[in-house]
């Protein structure tokens, strides 16, 4: 009893500051507005977290938004708190009201160690939130290169990207990791995705990633995608090429350069070398490796690759 009384006293002392800091955050279980366990997970206060868990606190208690303590710890990148919660049986795949699992949050905010920990505890990297985005989508959207690389190493993600994850191929996806990275100008993430073998010409209703980069004024991304061999003449659901979109919707300095890049690419024929050609005796020769993209202009050839 002495030990139990001490634990209660310790909890009361540590939780008093929470009540003071968060006035009015009360409610009826299981949908509390904010519990002491949420607070401990959010702030990474592992001593309080341990005390609460030892006192049989509900590890998956939900707040008013359906967020569990593990969501908060993952959001803030509190790896010690995440580990404590996981060892206490916290659910890694239970979504909040907006469909987010903890891995969505750790991926979006670039918390590599936490993301790795969640994956090791069987978090499903293919689950989509209410916005129809996977953890990889969010990592690519926010330019989280290391987390993107981690997620791409998952066999489940590989299968999803290859169209084996249950997606109906007759209906275009609402977005892809490549579209989100292109829209936000994350060149390193785009290079990573292309190296992983993502389909560069995969289209949504809005078009390819080139449509996205062009519309949002990402000149260097447009250049990168063109160099990687994207089909510049592909049209979206509304029968528009990337150049059509830039002509219709943009007027910035970046858009003028993008227009020029797209016009030049549209007047070129893209072919891919099927074998190596290397002439060491002629310094003016166009030397090629198998897989190189060759742009054939009206009167000359240029080689293009990442």
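Numbers here mean position along the shown chain, with the first residue as 1.
Keep in mind that glycine also has a Cβ here, set from the backbone N, Cα and C atoms.
Taken from TrEMBL, the feature repeat 'ANK' covers 32-64, 65-97, 98-130, 173-205, 205-237.
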Residues of the repeat 'ANK' (65-97) by DSSP state, where helix covers H, G and I: 17 helix, 0 strand, 16 coil
Beyond the flanks of the repeat 'ANK' (65-97) by 6 or more, those residues with Cβ under 8 Å of it: 31, 35, 37-38, 40-46, 49-50, 53, 59, 103, 105-106, 109, 111, 113-114, 117-118, 121-124, 127, 129
Looking only at the repeat 'ANK' (205-237), what is the model's average confidence as pLDDT? 96
